[in-house]
Amino acid sequence: MLGATPAAAGVAEHVTEPVAYDAILLAGFGGPEGQDDVIPFLRNVTRGRGILDERLEEVAQHYRHFGGVSPINDQNRALKAALEAELASRGIDLPVLWGNRNWDPYLADALTEADQRGFTKLIAVATSAYSSYSSCRQYREDFARALRETGLEGRIQIDKVRQFFDHPGFVEPFIEGVKNAVEELRERAPEIHPATGVRILFSTHSIPSTDAGKSGPSGRPDSGEPWGEGGAYAAQHLAVAEIVSHEATGGTIGWDLVYQSRSGPPSMPWLEPDINDRIAELPELGVKAIIIVPLGFVSDHMEVLWDLDTEAMESSEENGLLAVRVPTPGTHAKYVKGLVDLVLERRDGLPVAQRPSLTTLGPWYDVCRPGCCENVRLGFKPAVAGLTP
């Protein structure tokens, strides 16, 4: 397996032998930090697709609305500091390096720093919880590309923590947020009965339907049965939404999984329904208020600020709905602790039976399965921390 440690280079789904990692690689998406950065950043995001700058400028307006600055970099700086503080509080000597896929500091910068400091074994934590090409395999491909670009293949090995969609550290902040949102609605509109007048909308990034169908391995880990519509990506979100709904409301408030931030030509099918379309349908069902849960996101980055806090809130107002948006995990203490626990899980080779997961789909694989999360348009490229292809 390209670029992985020997412990992760076998065919086992989970690694249960200790690995002496030298550092943590916090792998982010990246974002512009000024107006002049916006178009170059979007060129990086869309590299290889042949998208003209005129089309990129349409998306750029979302960033320009906020001064050309994406909040994601400051959020990752805060997460890096929170991880370092959590590690220090436990007496764990693991430096945290930070590198992005699409903007400074790049993954190649982090690998160069690792080499300069004599680090040879890195455990990566990507800022994405679910299984799909863009949220898992593309990170692994970018690790491989950065190793090639820096000439560090064979000198630095990179493993990656499992997808943590159903880890308590990721899920519990959402449960807490929904509970708080229900209370907020009770205070703001006591006349609205939660069971009949409130709807929870769990929102995540839409992806092409063909890519969704290729997300995850070929069958469900809990039953071996084929995935339904939307593949592992949709199934993971549905499973987590069910847990959050049950734990936060006892299942008394209805909910939907909705999608946002789609791009690409209208002729290409993407996962639906769009959150704004669903919002427009709710008044006819007697819904008076909604709770928006950004279930697919780890921090309040541009897709949350624009697509939810701007567009979805405008849709809610246009349709006469009271709306509350739940926070993302961000630097919530449970989330930060959970990420460190995931690192230690791999460092110590924790037995699978001792690994926490809140759905029957987990704990997810340490080593990605062959053919996992194919990009149908681009095909397979070299990737670390998973089996070929």
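Every residue, even glycine, has its Cβ placed from backbone N, Cα and C.
Swiss-Prot annotations:
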type: BINDING; residues: Ser70, Tyr139; note: Fe-coproporphyrin III binding site
type: BINDING; residues: His205, Glu303; note: Fe(2+) binding site
type: REGION; residues: 207-229; note: region 'Disordered'
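A map of Swiss-Prot features onto the structure.
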residue : record                             : DSSP (3 states)
Ser70   : Fe-coproporphyrin III binding site : coil
Tyr139  : Fe-coproporphyrin III binding site : helix
His205  : Fe(2+) binding site                : strand
Glu303  : Fe(2+) binding site                : helix
* Structure fact -> The rounded CA-CA distance in Å from Ser70 (Fe-coproporphyrin III binding site) to Glu303 (Fe(2+) binding site) is 10
* Asked: Within 10 angstroms of the C-beta of Ser70 (Fe-coproporphyrin III binding site), what count of other C-beta atoms is obtained when all protein chains are considered?
  -> 24
* Specify the count of other C-beta atoms within 10 Å of the C-beta of Tyr139 (Fe-coproporphyrin III binding site). => 25
* **All-chain count of other Cβ atoms within 10 Å of His205 (Fe(2+) binding site)** => 22
